[in-house]
Each structure stands twice: as C-alpha cells, then as structure tokens.
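Okay, structure first, notes after.
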Amino acid sequence: DMDGKETEYFVRRDVLDELRLDEVAQKGSWSSKPSLSEQVKDSLRCSLPKVKRIILTWIPVLGWLPRYSIRENALGDLISGCSVGIMHLPQGMAYALLASLRPVYGLYTSLFPVLVYFIFGTSRHISVGTFAVLSIMVGSVTERLAPDSEFMVNGTNGTAGLDIDARDAERVKVACALTLLSGIFQILLGVVRFGFVVTYLSEPLVRGYTTGSACHVCVSQLKYLFGVKPSRFSGPFSLIYTLVDLCSLLPQTRVPELVVSLVALAVLIVVKEINACYRHKLPLPLPIELVVIIAATIITHYCGLTSKYYIDVVGEIPSGIKAPRVPDASLFSQVVGDAFAVAIVGYAINISLGKTFGLKHGYKVDSNQELVALGLSNTVGGFFQCYSVTSSLSRSLVQESTGGKTQVAGVISSIIVLITVLKIGALFEDLPKAVLSCIVFVNLKGMFKQFMDVAVLWKTNKVDLLVWLVTFVSTVLFNLDLGLAISVGFSMLTVIFRTQLPRYSILGNVPGTDVYLDTEIYREAKEIPGIKIFRSSTTIYYTNADMYLEALQEKSGIEIGKLLTAKKKHDAKQKRMQEKEKKKAKKEAKNQFISLMQSQATQDVHIENEIFPCRALRVCLCVFVSLCGLVSACVVAQLEAAGFFSDSIPKSRLFVTVHDAVLHVLRERLTERRNVSGAANAHTHTPRCMCDSLLLTSRMFPTTNP
C-alpha cells in the first residue's frame with residue numbers, strides 16, 4: 001500500500017533448515033570462476049591488452065592525460081596550481097625548520113616529489129609536499145644523529161663555536177637517507193599489495209597522533225618566537241624538559257623578535273579568519289602567508305633590523321638546483337625504525353585525504369598504487385636532497401576549492417617553486433625565522449581543532465576515545481617514534497578486548513512479527529515459554545569459547561555440567577540395568593521375550609521422570625544475519641570440515657533464521673505432547689523443566705559442542 005503510513009508484506013513458505021535449504025535453493029557449483037591452473041596460465045599469458053592494462057595500472061598518468069580536456073579543466077587547474085604554488089613557498093621554507101634543515105631544502109621538497117606523484121598518483125586533488133607532522137618526525141632523527149655537540153670547534157680566541165655548515169651538511173645526509181629508506185618501504189608494501197595495512201591505523205589513532213605531533217611542532221617553534229636558545233633534549237619526556245627550559249629562559253626573551261612574531265601572528269590570524277568567513281565570495285583566498293614573507297623580508301632588509309637588533313634570519317639561499325646525489329646507505333641501520341614509522345604515518349595521512357576527495361568527486365583512489373606513488377616520490381626525492389613528503393590538508397583543500405580538476409595543478413605549482421629556486425630564492429635571505437615560525441603556528445589550527453574529537457567520541461564511542469587519548473598522551477610524552485609504537489599496540493589490544501567482551505543477550509519475539517530483539521532493551525520483546533534464544537554479538541573462537549559457555553549458562557539458567565553429570569549417571573545406570581537384564585535372561589530363559597519388553601518400558605518411564613531435570617533439551621543452532629537472515633555458506637563448510645555435525649547435532653538443526661528454528665521447536669513440542677498424552681495419564685509426576693529448547697544465535701559457531 002503506497003498511500004498507507006505502514007508497509008506490510010506476507011510470506012508463505014516451509015520452515016527451512018540447512019538440508020531443506022540446499023534442496024530448495026539447489027546447492028551446487030554454479031560458478032564460472034576459472035580453476036587455479038587456468039588462473040596461473042592466464043597470469044603467464046602475454047598479450048597486448050594485458051600489457052597495456054599493466055602499464056596503465058602502474059603509470060596512471062598515461063591513462064588520463066591523453067584524454068585531458070583543456071576546455072573543462074585547464075582554467076581551474078591553472079588557478080588552483082598558482083594558489084597552491086604560492087602556498088608551497090612559505091610552507092616549504094617554514095617546515096624545513098621543523099626538519100632542522102635550511103629553508104631551501106623545503107623548496108626542493110615542494111618541487112621534485114610533486115612531479116613524481118603527478119606521474120604515478122591516482123588522486124586528482126591532494127597536494128603532495130612538506131607537512132608539519134612528517135617534518136617534525138624527520139627533525140627528531142636529524143637532531144639525534146647530528147646534534148650540535150658533535151660540531152663544536154675552537155675559535156681563534158679560545159672560545160668554542162658551532163660549525164653550522166658542517167652540521168647542516170650532515171643533517172641533509174641523514175634526512176636524505178631516511179627519506180630514501182622510507183620510500184623503499186612504501187614501494188615494497190605497494191608491490192606486495194599491502195595497502196590494507198593502513199586499516200590498522202584507525203581514524204582516532206591517526207587524529208590523536210597528529211594532534212600530539214602538533215604539540216611537538218608548537219614547542220619546537222617557541223624558541224624562534226621568543227628569540228631564546230633552549231637546550232636540546234631527546235628521548236621520553238623531551239617535550240616536557242624543553243618546555244621547562246623555555247620557561248626558565250623567558251626572562252631572556254629578545255624583544256625585537258617577540259615584536260616581529262606578535263605582529264606577524266596578528267596579521268596572519270586576522271586575514272586567515274577573513275578568508276574563512278568569506279571563502280564563498282572570494283574567487284581566491286588571499287595569499288597572506290606570501291604577503292607576510294615578502295613584507296617582512298623587505299622591512300628587515302631596508303631597516304637594517306639584522307645589524308641593529310640581531311634578528312635571526314634565514315641566511316643564504318643558494319640559487320639553482322643541485323645535481324642528484326646517492327644518499328649515504330651506511331646510515332640505513334640507524335634510521336630503519338624511524339623510516340618505517342615515517343612511511344606508515346605518511347601513507348596513512350595521504351590515503352585518508354585521497355579517499356576523502358575521491359569519494360566526494362566520484363573517482364577511485366587505488367590504495368596500493370598510492371603506496372607506490374608516495375614511495376617513488378620519496379625515493380626520487382632522496383636523490384635530490386628532499387625529505388619525506390605526504391599530502392597537506394590545507395594545500396589540498398585550496399587545490400580542490402579553487403577549481404583544481406587534475407594533478408596538472410600540481411605541475412603548475414611545481415613550476416612556481418622552480419622559478420623561485422632558480423631566480424628569486426636568494427631574495428628571501430633576510431627573512432626572519434620568527435615569521436616562518438608564525439606561519440607554522442597558524443597552520444597548526446586545523447590539528448589543534450582535533451581536540452574537539454574528545455567531546456564527540458565521549459558521546460559516540462568510549463573505546464575510540466580511549467585510543468585517541470592514549471595515542472595523544474604517549475605521543476606527547478614518549479616522542480613520535482615510541483609514541484606511535486605504543487599507540488598501535490594499544491589499538492591492537494582494544495581489538496582483542498572487544499572480542500573478549502562481547503554483548504550476550506536473550507532474545508524475545510515481538511508479538512505478531514518474526515522479529516527477535518534483546519529483552520533487556522525492548523519492552524515488547526517477549527520470551528517464548530519453554531524456549532531460550534541466546535545471542536553473542538561477536539565471533540566465537542578459541543580465545544572466548546569459555547566466556548561464551550559461561551554466559552550461555554548464566555543467561556539461559558541451564559547448568560550444562562549438571563546435565564552432563566546426569567547423562568553419565570544415566571548411561572552407567574542403563575549399563576547396569578542391561579547387565580542385570582542379561583543375568584535375569586539366563587535364569588528366565590523360558591520367559592525371555594516377555595521380561596525384556598516389560599523391563600524396557602520401565603526403563604523409559606524412569607528416565608523420563610527422574611534422570612533429566614530438563615525434559616527435552618534440544619540445541620538448535622542458527623546464525624543471526626541482520627541483513628538477509630541466511631547462514632553463511634563458508635561457515636557451514638567449515639563446520640562440515642571440522643566434523644561438527646553428528647548424530648546428536650545433525651545438520652537439520654541448523655536453520656536459516658531464528659524464526660525458522662522457533663517454529664520447528666514449537667512444532668516438535670506439539671507432536672511430543674500428542675505422543676506422550678497416553679503416558680501422561682499413567683504418570684502424574686510433572687518433570688522439572690527450565691526450558692524445553694535452547695536456540696543459539698551468533699555470527700560464528702563454537703568449534704566444540706558445549
């Protein structure tokens with residue numbers, strides 16, 4: 001009835017157990033799937049279409065670039081590429097400081113990996129390049145393996161000085177080796193189709209980790225804002241030690257750098273808020289970061305702030321591109337753990353953004369190809385003195401919102417960065433580092449907004465909230481590498497605990513329907529007299545089988561141990577009675593036939609009335625599938641292979657739905673009552689019965705008979 005408020009449906013069919021279902025549905029091998037030998041032969045067979053398909057899979061640009069529509073895409077990609085390229089300049093230089101490298105290496109990182117991703121990537125909208133979290137992860141490694149203390153030299157007047165050039169050169173070697181190794185890890189994972197590994201990094205874990213990383217980024221930049229030089233700490237609690245040291249140095253704050261920082265922060269925050277408020281009206285967001293960099297450089301240079309107030313500036317920015325150089329492989333053993341962490345975190349951020357935009361615009365992002373693309377970007381970048389890259393949320397949003405359609409926008413942004421590196425990079429030598437730090441601070445806004453996850457997760461999922469909090473706290477206290485390991489370990493524990501702590505419930509029928517719901521939640525769900533329907537919310541396997549059995553006994557009120565004991569006593573007594581009958585048969589050979597019939601009748605009545613406290617305990621197994629109500633074929637196959645079905649639990653006890661099992665039990669119980677009506681007249685003793693039947697519902701079956 002399309003006009004009515006409620007829609008009703010009526011179904012008339014037989015009660016279906018597993019055997020009857022096989023007959024009705026005509027179970028058999030109807031699949032046309034090729035055999036294993038045919039699949040192997042097909043994989044070894046070479047043909048032109050197959051070669052073309054493989055090439056297009058590994059080099060996606062060959063698939064979409066020949067079909068590139070200039071009329072539909074060119075203008076949007078041009079505007080988007082220019083906008084993102086302008087963002088690359090300040091972010092590249094600023095994030096290089098997080099990696100403890102000179103700003104020019106941030107520009108290199110915004111150039112070469114972007115071109116590689118253009119060729120091998122499958123996302124059309126993400127902007128690959130420098131990112132705060134990965135930059136700080138790289139910086140923790142470069143500072144650990146190339147600390148200032150190893151580059152102290154004696155001055156001409158006997159005082160110790162720092163050889164900055166030697167230190168920076170060594171840190172570049174460390175960063176390149178780390179980047180190359182992380183890229184190799186990503187390529188290998190992509191080749192073996194291991195893209196699913198990121199599914200083990202849940203969204204609360206990634207967001208908690210990036211929020212904790214943002215705290216490290218924030219603390220690392222405070223020294224530039226206040227113009228102080230705190231001691232360098234490494235290992236657990238280094239962030240706490242750095243904060244304490246910074247607080248002790250606050251009386252030594254350099255006022256000129258603090259003034260520069262406050263002015264830059266004020267301008268950046270105000271204009272960015274204007275961009276956010278009027279983003280729908282502005283054709284392009286105001287490039288305030290670039291404006292602030294240009295203005296700060298001009299003011300510092302022409303007002304002589306460097307010589308008058310000793311403001312710390314960027315320094316020499318060499319023009320041109322350096323020749324590729326093989327990274328130092330001898331450093332691999334020292335950075336292997338950090339490289340794997342960088343590879344996983346970078347990929348997790350990249351694929352989450354890529355799939356978000358792919359879902360929004362209706363195209364597929366290949367998770368395994370993204371691993372290969374990101375790995376090649378890092379591998380090639382390692383040869384050109386770049387450090388590890390991933391996609392940036394802020395740049396990706398700008399690339400998408402300004403009309404970008406394809407990765408041609410990335411190429412255009414790379415051209416802008418290339419022009420800067422070749423021609424105008426040297427003009428930024430008088431740029432105060434405090435301004436770059438302010439740019440970093442302002443761009444952390446999105447990460448710090450993730451603190452709002454706590455309130456949302458508190459209402460929706462307490463376990464995910466615990467994962468978020470543990471990840472954040474461990475990242476803040478134990479640094480990025482150890483914090484990630486602790487977070488992943490804890491996340492795995494929550495998966496185990498969720499399977500160990502499922503919800504067990506007793507189901508009742510909603511009158512007039514075939515719907516069965518939890519009686520503790522739904523008032524109208526009523527238990528059927530004499531039938532217990534027990535449900536487990538999780539898969540049953542060896543680790544939680546004992547808990548399942550305990551919950552089954554508690555919820556159903558049936559003590560299976562006592563039933564088994566009673567059965568053993570019954571078997572023993574039956575055996576004694578049989579032996580007694582044999583002896584009696586020898587003595588009464590003449591009346592053997594009559595005596596045997598009388599003894600058997602007495603035995604049946606005795607068992608019925610005295611031995612079993614539950615008159616007819618039938619275990620009817622059925623799977624509760626909320627979408628279609630059918631038993632999973634693979635589960636049935638596993639049960640058959642394991643020899644689960646027997647004479648005591650035949651395959652006919654497996655039903656398609658809970659309602660089929662209930663109807664079967666009710667029908668059998670009615671038949672029994674009719675059959676024993678004569679015996680009931682002869683024996684007035686009523687058996688003590690807690691439940692006539694027990695129905696088990698679960699997403700998987702126990703491997704042993706409880």
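Using the three backbone atoms N, Cα and C, a Cβ is placed for every residue, glycine included.
Among the features that TrEMBL reports, coiled coil is placed at 563-592. Annotation comment: TrEMBL describes 76-471 as domain 'SLC26A/SulP transporter'. The annotation transmembrane segment is assigned in TrEMBL to 95-120, 174-196, 258-278, 290-311, 331-350, 410-428, 472-497, 616-639.
Same-chain residues lying 6 or more positions outside the transmembrane segment (410-428) and placing a CB less than 8 Å from one of its CB atoms are 77-78, 80-82, 84-86, 88-89, 92-93, 103-104, 107-108, 110-111, 114-115, 117-118, 127-128, 293, 297, 314, 316-321, 399. By the Cβ criterion (under 8 Å, sequence separation of 6 or more), the transmembrane segment (331-350) is in contact with the transmembrane segment (174-196), since 3+ such pairs are found.
Within the chain carrying the transmembrane segment (472-497), a Cβ under 8 angstroms from the stretch's Cβ atoms is held by residues 136-137, 140, 200-202, 205, 208-209, 211-213, 215-216, 234-240, 337-338, 341, 344-345, 463, 466, 543, all 6 or more beyond its ends.
Per-residue pLDDT, averaged across the coiled coil (563-592), gives 75. Beyond the transmembrane segment (290-311), the same-chain residues lying 6 or more positions past its ends with a Cβ under 8 Å from any Cβ of the stretch are 86-87, 89-90, 93, 227, 254, 256-257, 260, 264, 267-268, 427-428, 430-432, 434-436, 438-439.
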